[in-house]
Structure formats: structure tokens, C-alpha cells
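Below: one structure, written as C-alpha cells.
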Amino acid sequence: MEGGGPATSPDEEPPRDPGLSQHHSYTNEDLEGHRAHSIYVGVHVPGAHRRRSRHHRHRHHHHRGSTKEGNDNRPVTPPSQRVQFILGEDDDGDGTHNSHPLFSEMETLTEMEGGELEWKETARWVKFEEDVEEGGERWSKPHVATLSLHSLFELRSFLLNGTVILDMDATSLDQIADLVLDNMINQGQLPVEGRDKFRDALLRRHKHLYEKQKHNRENGNMSRLPLIRSLAEIGRNHSSSKSGNSAGVISHPEGNMEQSPSSGSITRNHSGTNLEGSANEHKGNTHFMRKIPPGAEASNILVGEVPFLEKPATVFVRLTQAANLGNLTEVPVPTRFLYIIMGPTGGLPRYHEIGRAMATLLSDEVFHDVAYKAKNRSHLLAGVDEFLDAVTVLPPGEWDPAIRIEPPAAIPSQQPRKSKKKEVEVIDEEEEEQRLREEAGLTRTGRLFGGFVNDLKRKKPWFVSDFKDGISVQSIATFFFLYFACLTPIITFGGLLGEATENRIAAMESLVAGLICGVAYGFFSGQPLTILGSTGPVLVFETILYDFCRTMEWDYLSFRLWIGLWCGLILLILVAVDASALVCYITRFTEENFATLIAFIFIYKAVEKVFKIGSKYPMETQVEIVPNCTCVPDMTGNVTYPADIDWSHVDEHDCHELYSGTLEGIKCAHYYPDVYLLSLILFFGTFLISFYLKNFKTASFFPTKVRQFISDFSVIIAIVLMSGTDFAIGIHTPKLEVPAKFKPTWEGRGWLIPPFNQNPWWSSLVAIVPALLACILIFMDQQITAVIVNRKEHKLKKGGGYHLDLFIVALLIVVNSIMGLPWFVAATVLSINHVNSLKLESECAAPGEKPRFLGVRENRLTHVAIFSFIGLSVVMTPILSKIPMAVLFGVFLYMGIAALKGLQFFDRIMIMFMPVKYQPDYTFLRQVPLKKVHLFTLIQLACLACLWIIKSFSQTSILFPLMLVVMIGIRKMLDWIFTQRELKILDDTLPEFSRKKRLESEAQDDDDDDTDDCKMEKSPTEGVMSIPLANGNVMKVPLNPINISEEMNKSGVWKDINQDQDKNNALNSPTKNNTKKRGTKKDALNEDEKKRLSMMAEEEEEDEGITIKVTKP
């Protein structure tokens, strides 16, 4: 392969400027005490200092020359460990080597019309590659860069043999060009006579895709402008390349510095954008600048073919400080890295692939950090080798290289590539679960109200932020969605309670209960994301209780008052003794059964309600039969009607309002034949619009902010559209009925309930029995929903408050019982939808980057606002009465289906109906046999069916809370069928029920740890040696590793590339007759060369390997 200049040792590094400060490095003492075995391990110690003496340097070179063969057989430190050392070194205090996000841009030298050359933008990288399409007028979709292995090998060869300048002190493209050319000539990469041509090509105009085409010939001919510079400025451009860590020019041993004929030239050719002041005028692509991370720097890759070169010439430059180089970069960010590869004509596709390889390397998280911290050429080569060691190879015959791979939804962390040297901390899963339970307050404190006090301490620091965090557009969308989602079941359950209790408690009482409970719970609860509401089990309890009171001829509301008081007292006792700690036994098995059941109930009830509209207003199927309806007026009074009235032409409204009559005749039962059909359209239309628009944020239409806005307001848009459709058609579909007056529904009651009201005094004691049953019901409903909301998957940062939540619910039950209002507990489906509507995702900054789930917008504002407006619904009756019930039933259907999303149980149900080859790539399918997965799912389905049957019959529905307790026992019995590993993957770890078993388990774990320690002590004889370092880290050195660097040197491709490189070096080396290396000012032949060599370091320092001798006992 063609290359540039004589080859040098990759470890070669010029020593630092003597005036510069020393940097921290690892020393031999870090490895002291590990020399007692008989095996040799080469350990790379970055930046280790040598004695700066001529005698030592002479001995070192002699040693390298005399022991070259021996070193070939000595194991070399794997590149991954070298990279870990490089990244593990302390940064200098000036921060010049701190990593920044990188924007990479590749430009190709292109011949335009008229024969003029200019640099044309061809690709860019933020995280993923974007290419300029063949038409040259648009960018491609962001995609994962796919590289050929040959281009990576060639890039490594050019870094090994080409020019590498680290920490160049330059602030303009002119200075960079001068310093680069001087070094390339010195190292034999470029003949002296090609300097002016190379510089002329390097400083050509840069054309970016975003710029509009300039058709004016006068502007088009100004691709280069002459610039007159003073002699003083010329001198400044020959300033040295210095840094606080290392002088960064890598020279060849046989390099020869020759004076450039153009160094004293007054007139130079420059790009028009490099004029003074133009950098400040360059605004760049400000629209794309929004995609660039803050604090980013640029890397520019320049690729071209020119006729005056006989072999490729490459240079890698890192500036000491990032500099704004005019319009070199598409966006106005300072440039830190430059990689230039130019060669003879005919090799542009090859150079292009090498340029893509460099840009891809710089976008790699690990090599990116290595490039910032590298102190010499060998560090860069170690980064390339580590990259090669981590790449995944695609077989050439099984995929098309022209295919652009879509960016993945989630990118795995690259931290293991950076920090493998650290001792992997083995985390005890049970201890971790115990720690999480303690943080959540699910452990016994051993003192009265201990958990309650801890919840208060945990939530107090977040109280103010709970309101500030709710100020956002997303919260407004959540408010509108949940307002209708909560209002509809409150009114619906209120109507059902009114039927069951003969209007003792009805819709108005439900609205007042929603106002009091919702606002109080939103202000003072431990987890305001939980939504309170009336639930099915509570309705069943109220129905049974009313029937009992009617049988005993007791006052229902007074007896209910005592049940509520006892229930509140029992719940307070449960709070005092930290009974909420029992929630840790509610695993995914139980909570997903409960959540799936409630979601199915929402779906079933929504469909059932729509069908009831069809039974009241049947669909017209025989249009040929004309209804023959006659109005029959009310004749009971002394009202007389004119004899000429045609009663067959009186419509239903006039018949009812004017004549107090009814319509009689064929098909007069339903006067509006299209009510049911329109209700079905409204029902499914609301669901489909809500479902589709909720997923609209992942669509390809409109900008990100517009998609996010539509997604947040999806349900509101569906309600408005479908209600508007109903209003425009004008058919009398059933509408939402809201009480218009603020007063109790039943005239025989007030807002305060008397304690007995002719009930016997001992009825207050009898109330304890139903109160116990109600406590089980409320406790299970509340805590299961709280467990679902507080899942780890939701990434909640402010924590929950199980004890505090139960305390607030207990007080609210007492208040509602005194006022004769329905009891509100946590509503599972509403709470899940509240959490889902407040989920936060990262803004997609880099093109192609998928949004990441960040957590939930935890706040109290939405909860308080929702139930405040529910209380005000009485005054909004004229507006709410326009909303069709079918639309709200469609919202019910959407909430039920949305609640199933993310449930592993539902995913496993779907898998049962899929062929194996079409099953999604879920984690549990990789780790658990498919038969075991199906068996676990069938057991859960059987439990779900039992819960459904028990709930469906009024005689057994009161046992529903007890069945949830039985679910926990069934989950414990699964330990006999599945292994603990399988249960942990499919479910959660279940804590031991008794303290004795826990202690025995911990003792067994201690024994296992001792056994593991014994095994760890034997690890050195099994192929791995652990070396503790002074900074506390542990480096693990394989005794017989597969080293990518050694294996690559043995490959035929690398040998072929190096063979071509050696031929070029032998033929083109300008110093083949002069073996003396002139790399310092002392070796300069004249004053001008001395100026250029001032950038070279005074002495030589090499990155040294340490040999550890280990003798076997």
C-alpha cells in the first residue's frame, strides 16, 4: 500500500518542553509486589518518564536494536488495557485534554465548472452518518456507518507511518497549513516542490450543502483571493506546536527539514473565508446548529486527489485549543481535529473510505476520548486496535453493503470498554432488593408511625418542586385528558350508586367527593401520580350494605357513617404499625393480574355501554316500512284541543312538550333511527384517533415539537373532533348528564349525616364487622395500584409514600362518611394513564438518535387541577351536556387498551398465538425456555379467570379483595415449579416470610461467598492476574490473551499493506543517505529551519512498556 515517509516506532514520542509542567502518570511502584512469578506480562504505562540523559538514551536505542527479535516473542499489552490506561490518566489542570462532543464533517476536493477546485461537503457525523445524496441537493437519512475492514487497516497504516501532530498551537487555517506542510516535508511525506501546490489545494474555498448556489460569475470566479501579509505575520505563522502535556509532532528518524521556497513569499493564495474578520461573519447552518450538543467541537476530514502527488500524504492534527476556522465547518463550532488525506489521481474512492473510517472512529465514544487524551502516535494506534477488537463483522455474502442500517432504538453503554480494569463489584440481588425496599419505606421501622414519619421526611424536600414541575404544556394536555377520563366514571358510578341506594348517594355526591378527595389527596399524598376514584368492588360493597340496612329497617347513611369511622380507625392502626411493608409481597405476578383485570373491565364496560345504546335505539334495517306514528295527547285534564289538528304529523318534541302526549303506532319506539349507527362511529372514531395520534410522535411527518404536541393532546383532539361531528350531524345521541344544581340528590338528607337517626345504639358496634371487610378491600385496592405506579420501570426520582397515602385515604374515608359521600380509593387504570401521559423522553438532538425514556414528570399540579374542575363541573353543565356518551365510552376503551401496554403478562399472552420465528426478541424469551414461559402465562390466565368469575357474580364479588391475598399465596407455591432464576426474570423476587428463613438464607449466602473467594484466589493460575494499582483500581491482565494488535500483524492484508508501505518508504525517503535524525533546533542547518524546528521538543521520550517478572512457587 502506498504511504508517506519512513516508518517510525509507534511508541516514539518527543519529550515535553522543559519549561512545561509535569503530568501525572503511573509509576513502577504501582506494580510493586507482583514480581514473584515466572511469567512475563508487558504492561503499558502511559506517559512514564525516563531519565533525560544522553547516555540513557543511547543505551535504550541499542537495546531496541539488539533485542528486536526477542521483543517480537514477548507478549504485548492488549489494546483494550492500553486504552484503559490512557483514559485513566489524570487530566492536566488547564483542561486542554478534556473531552467534548464532536461534530465531524468530511469534504472532498472537487473540480467545478471552469476547472476551479473547491472543497465540497460530502458527509457529516453527529452520532450517526449522513451522506450527501448523489443528486447533491439533500442529505440522506441518518444511518449506522458500515466500514470495510480494509479501509480500517489502511487508516491504521497511515496513522502508523504518516504525519501526526498533537497539540498544535495555531488559530487559523493559514498557520495550520504552514505547520503541516513543514512537518510533512520534514518527514518525507511531501516533496519540497509540491509545497505550494499542496497549500493552494488545502486553502481552496469550502462549499456546504446548505449554502445557496451562486450563479453570479463574478462571485463564482472568486474562489481564491490574494492576501498581503507582513513579514511579522509570516513569522507568527511559524510558531511552535506546544502543549502542557506533550509536544505533539511525530517525526521520522530519517526526516530532513528543508527550507520552503515559499516561506518568504509576500503574496499568498487563501480562501476568501479565511480573511481576518470573516470568522466572525460566518454564521454557518444555524438551523442544524440546534442538533449539535452544547460545548461541541468539530473534526474536519479533507479528502482529495491531485496530480502532483505520487503517493498518498496524510496528516492527523489536534489543536491545543479549538479554533474557529471560518467556513471550514458547516456549523459555527470551533475545530479541534483535522485529518487530511490527499493522493494521486485514481484513488479517490479509496481515500473516501479511509476518511469515512476516521470520521466514524472520532464519533465512537471510546476512540473519541482517546483522541483527546493521546500523547503520542501509539496511543492513537491503541485506540484503533481497541476499536477493531470491538467491531462486529457482517458476512459479505449475507448482506448488501449498500443497505443503510437504521439507528437502533437504544445504544448500549460503552463504559465497559473504558473501565474493564476496575474490579467488577458483585451486587447481591437480595441485598439490593432490600435496599430498594428500605428506600421506598417498605420495611418495618420498629416504632409507631415510623414509616409515616419517614414518608414525610422523604417527600418534604420535593413539595415545592411538585408544583413547579407541573408547569408545562404536557401537564395541560394531561389535565384535559384526565379531566374527562375521571369525570365520566364519577358520574357513571354516581348514577349506578343512585340506582343501588335509591338516590341516597348519586351523581352530585360523587362530584363533591371527587372535589374533596382529589384536591386533598393531590396536596398531601405521598404519590400524587395516583388517581382516586370509585371502583367496582366499592360499588358492590355499597349495594350489599344498602340491602342489609333495608332488611333490618335501619338508616343506611347513619349505619354507613359508623362503618366509615371504624374503617378509618383500623386503617390508621395499619399505618401506625407499618402494615404497608407487606406490600413487598405483592410481586409482578399479582399486580399484573390485578391491572389486567381492571383494564379488561374498562374495555368490557365500554363496549357494553355502547351496546346498551343499541338496545334503546335499535338500528334501522327495513327502510321500506314507513313509520305510522300518531300523537296521543293527555286528556286527563280539562284541556281541549282544536279539531283540525292532524295528530299524525305532530313530531315527538311537540307531542311531549305541547300536548303532554306520547307517540303510538308502528316503529314509533325509536324515533331517531340513526342514533346507534352514529354512536358506533363516534365510539370507534374516538378510540382510533386517540390511539393513532398518541403514537404520532414516532411518525415521519412534521417537526418533533409538532408531533409531540399532537401526541400529548391526542385524546382532547379526538373528543373535540367527534363531538363536533355529532353536533354537525344533529342526531340526538345520548349526551353526558351533569347535575345542574348544587344540592343533595335525595331530599331527605343533608350534607352532614346524623350518627344514629333511629338506629339502635349497638349498631355502631356491629359496624366493626363490615368495616374489617371494607379495610381489606381499600387496603388492597390502594396498595396494589401504588405498587404499579411506583414501578422501577417508571424511573421515579421523588419516591413514593405508601404509609402517607394510606393515612390520607383513612382521613378522607372518615370525612366522606360524615358527609354521606362515596368512598374514593386508588383507581388503577386512571393512575396508569396519568403516569403514561406524563412520561418524559429525551429531545432528539443528534440526527437519527432515538428518544430515550427519562422518567415521569412527577407533580401535584395536574392532580389538583383535575379534581378542582371536577367540582366546578356543576357550573359547566351547558358545555358538558354537548358531549356524546359514545365519545366518552371511546375514551374508556382507549384507556383500557393503553393500560395493557407495557404489561409483560399481556405480552406473554400475545406470544402464545405467534409462531416462534415471528416472536419479538424479549429478554425473558432469551433466558427462560419457551415451555416454562407458556406455563407461567397459563397459570396467570387461570388466576385472572378466577378473579373475573368472582367479580361477575354479586354473591361472590364481596370476596374479591380476599382473592387478591390468595394470589400472593399462589405466587409462593410457584417456587416448587420454577427455579428462582426463572421467577426473577418472569416475576420479582419474593422475600422470605419468616425471619428465621431469612437468617438461614443469609448464612448460606455467606458460605457461598467464602467459596467464591477461594475460587478467586486461584484465578491467577487459571489465566488471569489481578494487579491492584495505587489509585485503588484493579487491572486484570490475561496471561494468555488474544491480542488484536499481534493477530493483525500476522494477517495477510496487513502484511500486504505494510509491504507496499515499505516500498514507498524506500523509494521516496529523502533522507535515505542520512541516517542521523535531525529533530531539534541544535540540528538545524540555518536560521529559518531553526525557527521551524522550534516546535519540535528538545529531547526524545518514548512510551515505555514495563515487564513484570512473575516466578512460580
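Even glycines carry a Cβ here, placed using N, Cα and C.
Automated prediction, rather than curation, is the source of TrEMBL annotations.
If you check TrEMBL, you get these features:
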type     : residues  : note
COMPBIAS : 49-65     : compositional bias 'Basic residues'
COMPBIAS : 237-248   : compositional bias 'Polar residues'
COMPBIAS : 257-277   : compositional bias 'Polar residues'
DOMAIN   : 100-401   : domain 'Band 3 cytoplasmic'
DOMAIN   : 447-990   : domain 'Bicarbonate transporter-like transmembrane'
REGION   : 1-26      : region 'Disordered'
REGION   : 49-80     : region 'Disordered'
REGION   : 236-286   : region 'Disordered'
REGION   : 997-1022  : region 'Disordered'
REGION   : 1058-1113 : region 'Disordered'
TRANSMEM : 476-498   : transmembrane segment
TRANSMEM : 505-524   : transmembrane segment
TRANSMEM : 561-588   : transmembrane segment
TRANSMEM : 675-693   : transmembrane segment
TRANSMEM : 761-780   : transmembrane segment
TRANSMEM : 806-830   : transmembrane segment
TRANSMEM : 861-880   : transmembrane segment
TRANSMEM : 886-906   : transmembrane segment
TRANSMEM : 933-950   : transmembrane segment
TRANSMEM : 956-974   : transmembrane segment
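Among 675-693, 761-780, 806-830, 933-950, 806-830 has the largest number of CB pairs under 8 A with the transmembrane segment (561-588). Sequence-distant contacts of the transmembrane segment (861-880) (same chain, at least 6 residues past either end, Cβ-Cβ under 8 Å): 466-467, 469-471, 475, 478-479, 482-483, 486-487, 490, 508, 511-512, 514-515, 517-519, 521-523, 528-529, 531, 736, 738-742, 834, 838. Here the transmembrane segment (505-524) sits apart from the transmembrane segment (675-693); fewer than 3 CB pairs are under 8 Å, leaving out pairs fewer than 6 apart in sequence. Remark: the transmembrane segment (806-830) contacts the transmembrane segment (476-498), by the rule of 3 or more CB pairs under 8 A. Within its own chain, the transmembrane segment (675-693) has Cβ neighbours under 8 Å at 606, 610, 613-614, 617-619, 710-711, 713-715, 717-719, 721-722, 725-726, 729, 731-734, 884-887, 889-891, 893-894, 897-898, counting only residues six or more beyond its boundaries. Highest Cβ contact count with the transmembrane segment (933-950) among the listed stretches 761-780, 886-906, 956-974 falls to 956-974 (criterion: pairs under 8 Å).
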